[in-house]
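Visitor: Got a structure here, written out as C-alpha cells. Questions coming.
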C-alpha cells in the first residue's frame, strides 16, 4: 500500500528534473552568444583601451572578425555540462521549497519569492565551479582553435589555485547573490503575475501570455541582480595585474568598481544580459511548463 505514493513521489521528482534540464539545455544553446558578449563587457575596465568594445554592435563585429563565428560559443561546454543539472536543480528545488513553505502560514506572493531565493542559493553552489571555467574561457580573446580545452583549463585552475575559494570555487559569494536574487524575483514575479492574469482558452494566445510574463520576469530580475553578476565576472575573470588579486569578495568588489569606475560600471553588460535572460527566461519557463505537462500526460 505504501509503495504507490513512493513511486509517485519519485516519478514527480523525475518529471521536474527532466523538464528543468530540458529547459536549461534549450536556453543555453539559443542564448550563449549574448552571454559571451555580456562577460566581455563586464571584464573590460577602460574605455580608452584599444581592445575595448564601444557598443553592442561593435562587440559582435569585433568578435566575429577577430575570432570567427565560433568565438560566440567560447566557454559553451561548461554551461552545457552544467545546464541540465543546474536547471534541474533550479526548478526541482523551487518546487520542493514551495511545498515546504506550504506548512508555514505565508502569503502566496511571499512563498514564491522565498522558494525562488532558496532555489537560487542551491543552484549557485552546484554551478559555481562551471562558472569559473566558463568566465575564464570567455575572457580569452584568442581564436577558438587557440584557446585551451574546457577540461585542460579546469585542470590549470585546480593545479595553480586548488578547489577552494581562490580556485575552482572563487566568486562563490557573488554567485550566491546573483542566483539567489535572480530566482527570487524571477519566480516571485512570474507566478504571482501569472495567477493575476486570466488563462486564455486559445492555446496560441495562452502561449504568448506566458511568454510575455516570462520575458518581464527575466528582464526585471536581470536589472536587479546585475551588480552581483559584474562582481562575479571581476572575481572569476582575469585580474588587472597578473599575479595580484584585486577582486576577492562580492561586496568589496562592488565597492571598488563603484569607487574607481562609477555607478554605471555596476551595470556593465546589462543590454546583452537583458537580451539573453529576458527571452531566455521566458524560453526556460515555457519549455519547463510544456515539457512537464507532456510528461504528466505521457509518463
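Backbone N, Cα and C define each Cβ position, glycine as well.
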Visitor: Among 70-89, 90-109, find the range that Swiss-Prot records as transmembrane segment.
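Guide: It is 70-89 that Swiss-Prot annotates as transmembrane segment.
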Visitor: Using Swiss-Prot as the reference, determine which range in 41-61, 146-166, 167-187 is annotated transmembrane segment.
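Guide: Within the set 41-61, 146-166, 167-187, Swiss-Prot attaches transmembrane segment to 167-187.
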Visitor: Take the transmembrane segment (167-187) and find every residue of the same chain, 6 or more past its ends, with a Cβ under 8 Å from one of its Cβ atoms.
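Guide: Here the qualifying positions are 90, 94, 112-117, 119-121, 123-125, 127-129, 131-133, 154, 157-158, 160-161, 217-218, 220-222, 224-225, 228-229, 231-232, 235-236, 249-250, 253, 277, 281.
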Visitor: Do any residues of this chain, six or more beyond the ends of the transmembrane segment (113-133), have a C-beta under 8 angstroms from a C-beta of it, and if so which?
Guide: 75, 78-79, 81-82, 85-86, 89-91, 93-95, 97-98, 101, 106, 150, 153-154, 157, 167-172, 175-176, 178-188, 232, 236
Visitor: Along the repeat 'Solcar 1' (11-100), what average pLDDT does this model show?
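Guide: Averaged over the repeat 'Solcar 1' (11-100), per-residue pLDDT gives 85.
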Visitor: With DSSP, how much of the repeat 'Solcar 2' (107-196) is helix, how much strand and how much coil, in residues?
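Guide: Counting residues per DSSP class in the repeat 'Solcar 2' (107-196), I get 69 helix, 0 strand, 21 coil.
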